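Structure, as structure tokens:
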């Protein structure tokens, strides 16, 4: 019998693999500037896809109008706040650095301490004793560090330009994905099925659920609390309310809540003697700080029940790895990986035997081998 099987050509196989590797690396190199923007757009589109479908029904089934409205909403949510933040930094950094470097910053008198019952007079006297013992010297020692820190933060504002480019790419890709979302989703599911069969398709669907869960459970809650807290800061007359609102968003994303920003603002209002607005902001901060306990259970019932350590690690790690965009992409990547890992583990039933029985069986197996 003649063997018609062709011998393996090792050189051909190696060259084919090398060619494919070069093509993949070249393609990734070309699309590298767009990867973060596209990933961000994909996250936004998956999370807001139900909203697009509802808008399309309201607008008599016209996808173009729904896409236009969603794009305008994204501009209001992302572009306008960033523009306000940049404007606030530019307007406020100059006078702040000038006051620090020139030595014009002095410690306040804190006359409102006298209004505190029982202990107010002692606090006021103690504060003035501190000033008499070297309050100016304290400011002289602290001032260089304050100036260096402020200059560093202002220097980081240069990264806003790159972030704005990613925002523009996100808007462009989001509009395209809104327009052809069904075709893109079908293509991704087809590719996943080609890779891993039914498991690949299930992995894509689980990933979409995880993305929507992160958007609901983390981002929505953070935005609601931060916006309400920012409104309270603006109404109370706290300076740099826009910048503090952005800091509140970061604080809420890492699951610390808005209070780490609101409490110093309250202290500042009492410090400057504006006790009325300080009390108003104190009450409002209590409402905003506990709002998480109302929103979170509602979102958990909608499928946003994710481990706290997962969200915290995703936000911090994403911020370090990808910058400001990582605040949104980091938790999504970890949540998708977590859901896929959990689904893979659940394919096998959990052990039902007692640990003692397993150890006894293991000991009986090892005895004959001795």
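Even glycines carry a Cβ here, placed using N, Cα and C.
Residues or ranges marked as topological domain 'Periplasmic' in Swiss-Prot (evidence: sequence analysis): 1-17 (among others).
The transmembrane segment annotation in Swiss-Prot covers 18-38 (among others).
Positions annotated as transmembrane segment by Swiss-Prot, on the basis of sequence analysis: 40-60 (among others).
What Swiss-Prot records for 61-65 (among others) is topological domain 'Periplasmic'. Here the topological domain 'Periplasmic' (61-65) has Cβ contacts under 8 Å with residues 55, 178-179 of the same chain, all six or more residues outside its ends.
Annotation source Swiss-Prot lists transmembrane segment at 66-86 (among others).
The topological domain 'Cytoplasmic' annotation in Swiss-Prot covers 87-106 (among others) and is backed by sequence analysis.
The transmembrane segment annotation in Swiss-Prot covers 107-127 (among others).
What Swiss-Prot records for 128-156 (among others) is topological domain 'Periplasmic'.
The transmembrane segment annotation in Swiss-Prot covers 157-177 (among others) and rests on sequence analysis.
For the topological domain 'Cytoplasmic' (178-213), the residues of the chain that approach it from at least six positions outside its boundaries are 42-43, 45-47, 49, 52, 63-64, 66-67, 70-71, 302-306, 332, 335-336, 338-340, 343, judged by C-beta separation under 8 angstroms. Per Swiss-Prot, the feature topological domain 'Cytoplasmic' maps to 178-213 (among others); the stated evidence is sequence analysis.
The transmembrane segment annotation in Swiss-Prot covers 214-234 (among others) and rests on sequence analysis. With a cut-off of 8 Å between Cβ atoms, the residues of this chain six or more beyond the transmembrane segment (214-234) that come close are 43-44, 46-48, 77, 241-242, 244-246, 248-249, 251-253, 257-258, 261-262, 265, 280-281, 284-285, 287-289, 291-292, 295-296, 299-300, 302-306, 311, 314-315, 328, 331-332, 335.
If you look up Swiss-Prot, you'll see 235-248 (among others) marked as topological domain 'Periplasmic'.
Only residues 6 or more beyond the boundaries of the transmembrane segment (249-269), in the same chain, are considered here, and those with a CB under 8 A from a CB of the stretch are 218-219, 221-223, 225-226, 229, 232-233, 236-238, 275, 277-278, 281-282, 285, 288-289, 292, 308, 311-312, 315-316, 327. Among the features that Swiss-Prot reports, transmembrane segment is placed at 249-269 (among others), with the record citing sequence analysis.
Taken from Swiss-Prot, the feature topological domain 'Cytoplasmic' applies to 270-274 (among others).
If you look up Swiss-Prot, you'll see 275-295 (among others) marked as transmembrane segment, on the strength of sequence analysis.
On the 0 to 100 pLDDT scale, the model's mean across the topological domain 'Periplasmic' (296-308) is 63. Sequence annotations record features per position, and here Swiss-Prot assigns topological domain 'Periplasmic' to 296-308 (among others).
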Over the span of the topological domain 'Cytoplasmic' (178-213), count residues by DSSP class, listing helix, strand and coil in order.
35 helix, 0 strand, 1 coil
Mind checking which residues of the chain, 6+ beyond the ends of the transmembrane segment (18-38), have their Cβ under 8 Å from one of its Cβ atoms?
165-166, 168-170, 172-173, 322, 325, 329
Within-chain partners of the transmembrane segment (275-295) [C-beta distance under 8 Å, separation at least 6 from its ends]:
112, 115, 220-221, 224-225, 228-229, 232-233, 235-238, 257-259, 262-263, 265-266, 269
